[in-house]
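Lifted from TrEMBL, the feature list:
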type     : residues : note
DOMAIN   : 133-561  : domain 'Anoctamin transmembrane'
TRANSMEM : 142-167  : transmembrane segment
TRANSMEM : 173-194  : transmembrane segment
TRANSMEM : 247-270  : transmembrane segment
TRANSMEM : 290-312  : transmembrane segment
TRANSMEM : 333-354  : transmembrane segment
TRANSMEM : 366-388  : transmembrane segment
TRANSMEM : 436-459  : transmembrane segment
TRANSMEM : 487-509  : transmembrane segment
Amino acid sequence: MLQESSVDSSGSRFAPLVVLELASDTKEEAIAWLLSRIRDRQQNGGDGDGFLSMAECQYVIKHELDTLRAKEETNVPGYSHAKLYPGKSIIRRLLSKRILIQMFPLHENEELKRLSFSWYKKVKVSLQPLDDIRHYYGEGQALYFGFLEYFTFALVPMALIGVPYYLFDWEDYDKYVVFAVFNLIWCTVILELWKRRSASLAYYWGTLCRKKAFEEPRPGFHGVLGHNPVTGRAEPIYPTSKRHLRVYLVSLPFVLLCLYLSLYIMMIYFQMEGWALSIYDENPTFWTHILLFIPSIIYAVVIEAMNLIYRYAAEFLTEWENHRLESSYQNHLVLKVLVFNFFNCFASLFYIAFVMQDMELLRQSLATLLITSQILNQFMEAFLPYWLQRRRNKKMIRKIQKRRLYEEKELPLVEQVRLEADMSTYLGTFDDYLELFLLFGYVSLFSCVFPLAAVLVVLNNITEVYSDAFKMCRVFKRPFADPAANIGVWQLAFEAMSVIAVVTNCALIGMSPQVRSYFPESETQLILCTVAAEHVLLGFKFILTFLIQDVPKHIQDKLARLEFESLEALKKKVKSDSALTFFTLLPLSKLLPVL
């Protein structure tokens, strides 16, 4: 279905935006039927050139394709096994039956070159081109990179404090009280200020007041064909009670089983730590000292492997639960993944801090887990996808080399489509936000006992910007735009982590020798004072949340002005229509004296 020339039937040229790759043996009647259904959706009007960005145009096309619904057809023409019923998503059915292989938007070579040069091809100390990223990839991607940039700058004060703190005061563990207090304030303030930054970006991009449209059923949602009383359309109906049974009788026990397995592996890790420590005590040499870090490194690798395996299991279970709406599906998936990842990554640190109360081992474990996870993530996210892509298809290497020869001239459309069809598919920002969530946890929860944590995360984020930019521009197909006004459910996840950070840092302060010296005889008084301080700080945190407005005042004024002007325009429109209706209803005898 590839055409050498991008010229339509009327002879005018057009810019191809989205590719639909069909199976090589797709029958002609199925192709003709799909084209006729797509053309049925076209309406007369402008193409929006200059009004919509290319990413927005591609999003509109995807929405139109996703909402293509079967009418009276009982099956895809030429494929009796591909059943259809009124209201069924045509694209989903074609994908599930492998008639349609994939659907992806095309890169714009010239735009991509300019974006690549300003984004990652030259090392510079400056902000990312967020407006260009938004124009090319959409608001969802731009907000992720905006949050990554903001998080990196927010870590700089903690990193600057952490370096001298590490160099001069490390051995005096009671001095981490000051750093823990700084953590309490920092994790609250940066999240509130991010809301303002996010609102400013969304306002200038025109998505701040974007109202969520009526949600259509997920393409993967299935059930017995029934009648939707809201839309009046035929669509699958699935009992809510059956979904709840699947959630509470299958998914929840599975998650608890995985948490138990994670706890069991954690106990094995502590046994390994004890074994390595006993060898070092018997023969304290350089090599036995190195051996002390081996259990933590092995445990960090196991944690990453378990997180990856669990992620696939969580996706399978959430899909099996058969949620009707995409928002419900995402909420259940995020909850499953966050609960397990939090427990899997931080349970050992909580155990060391509050059960073993071994601050030196806590520092060692935190440093090893943080460094090892960063190395593994960089390898898995940046180098491995590119290497696998080259190894999987040797033709791809020749095509990439061929593409480099065309850097000074435009790549033919057919070659560009074939080249991009072989690229890996970008799976969204879920894993990227999850990584930042875990790094935020390492810094906000326990960095008071390892002040260099913020320094390591800053270095990781800097390399993350360049590696993510490289992947987006060179490794992955161009993703469809995702209009967004904020970072969504991840904002709640980070805020929940900040609340846990308050409790954790208060407990660490209460355990410090400096504070315990004030309560030499009563452990109960120490606990009560620590709990009271924790409640006061939580109250202070929520007061800060209330005082720091989510939307800056000048943007609130602009939005209020816009709403006022809209209401005034509506009033004038209503008055004009009422006057026109009045004169239309007057009889001719009444109008003659006026004329």
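Note: Cβ is positioned from N, Cα and C throughout, glycine not excepted.
Through the fold, the transmembrane segment (173-194) approaches residues 147, 150-151, 154, 157-158, 161-162, 165, 359, 440, 444, 447-449, 451, 491, 494-495, 497-498, 501-502, 505-506, 508-509, 512-515, 537, 541, 544-545, 548, 550 of its own chain, all at least 6 residues removed from its boundaries and within a Cβ separation under 8 Å. At the 8 Å Cβ threshold, with sequence separation of at least 6, the transmembrane segment (487-509) comes into contact with the transmembrane segment (333-354) through 3 or more pairs. Residues of the same chain lying 6 or more positions beyond the ends of the transmembrane segment (333-354) and with a Cβ under 8 Å from any Cβ of it are 251, 255, 258-259, 262-263, 266, 269-270, 299, 303, 306-307, 310-311, 314-315, 317-318, 361-362, 365-366, 369, 373, 430, 434, 437-438, 441, 445-446, 449, 489-490, 493, 504, 507-508, 511. Sequence-remote contacts of a segment are chain residues at least 6 beyond its ends whose Cβ falls under 8 Å from one of its Cβ atoms, and for the transmembrane segment (247-270) they are 295-296, 298-299, 302, 306, 310, 313, 317-318, 320-321, 332, 336, 339-340, 343-344, 347-348, 351.
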